[in-house]
Ligand code: NAD
């Protein structure tokens, strides 16, 4: 039987949430050791950057090949440690990482390529600007347990290929998955000093932020994200925050209800509802509300809840009892306030302490906790609406803004509504799956976060930029004082040019006086 809590400091005991069996016992990293790990990474990073992008790309591709060879074994480890069914471990974790590895390998050279910065200020005519991209140095990554392999992997790969060292602090609930990532990277050729994992609970993450890292990439809850943001602000440490969501799912009357209800059921219950992009609030146009709800109930009841290793399992356990209790308390609050549970609404104790039935609720109102706070569990609350405007306003009535989905057979209606939803990703006729497109930037509006991971924007987060300005004509600039002389005329000439006026006499005078046309160029 699974235990109530998975943590026993100063060691981490990782347990299978379905069975309670021990996956592994690991020593926690001390605060001093965290600082030491970062110092080691700092010393090693210049050589990793100097290795050159092509050699790093080759290592990342070797990692991808190793992952491909060991995919079955890694999927089993993910299921053992996080509980999800094997097809979800393969589809939403390993496949995503394989795709991301190829993406970052393909784009690394282009990101690091210096880029000319053309400009049009006539007064700066002799200057040439170039943007240089370089690794930050040591990137700290703090990750959650719900995608224990894909989240730290995609972020780590992007950081490494661009020449950074990485110190990763995974969730205390899923250390084994992070250690597997580390061993695959080392086997592929990433030096041990360049990719290190530190283990422990929150204080180990806090120590990482306090160390000499150059940037922090944090994925987790809004509450912890705020703490991370405050700690980073004290040091003016740049950070990316990938936080929670309360994603709305809007079904219009012209949608294919069979497809949309399957999308809602999968979007709400995959990974036992423990996905940042889970469907958490379902809004359905009143004329099709009843039909849609009935379809969802039927489909939810057909799902098999069980151990992720069981071939018949659709929905695995929740990560632990603490998380399950949050779901129970939200359902209790909703029932107190008048909600109706149409199916589910209970623990499946016969399976173990961490299983909760896929649950569909109606009669829900905006004041209920399950409509305001992130649930992170298998709940699907469904609410009717009348007009498009009403659906948009209900969807936007949240402090979160991670993702949303809109269901309609009209592409123009879908895109028009998508344009009005306050979220970092809006999917039309799909849910969650946008995360599987490694080209698509991932991140939220409002309390759902700052910055992006994935895609070229995610890669850009892993480099800092230096603008190098070279003046090809060595001369004294006319604006280096002497304001009461010729410059007074000249600056008006430059302004005339900026506004497209034909070069007046005074601009000719300006150019001649500085003799920039006749000076030798560098
Ligand atoms: P969490 O915030 O409890 O923990 C996340 C990580 O932060 C863990 O590694 C934890 O040990 C560490 N941590 C805790 N306190 C810390 C501190 N003071 N300083 C530094 N690190 C600290 O989140 P969780 O329960 O592991 O994950 C679930 C949450 O993550 C959900 O809210 C979910 O929406 C969010 N999430 C977001 C995304 C996204 O991409 N936006 C993806 C997955 C999960």
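In case you wondered, yes, glycine gets a Cβ from its N, Cα and C as well.
Values in this document were obtained by computation on a predicted structure and should not be read as measured data.
Record features (TrEMBL):
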- 14-468: domain 'Aldehyde dehydrogenase' (DOMAIN)
- 242: active site (ACT_SITE)
- 276: active site (ACT_SITE)
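Taking the Cα atom of each, residue 242 (active site) and residue 276 (active site) are about 9 angstrom apart. Of all Cβ atoms in the protein chains displayed, 28 besides its own lie within 10 Å of the Cβ of residue 242 (active site). Under the DSSP three-state reduction, residue 276 (active site) is assigned to coil, being neither helix nor strand. Around residue 276 (active site), taking its Cβ as the centre, 28 other Cβ atoms fall within 10 Å, counting all chains.
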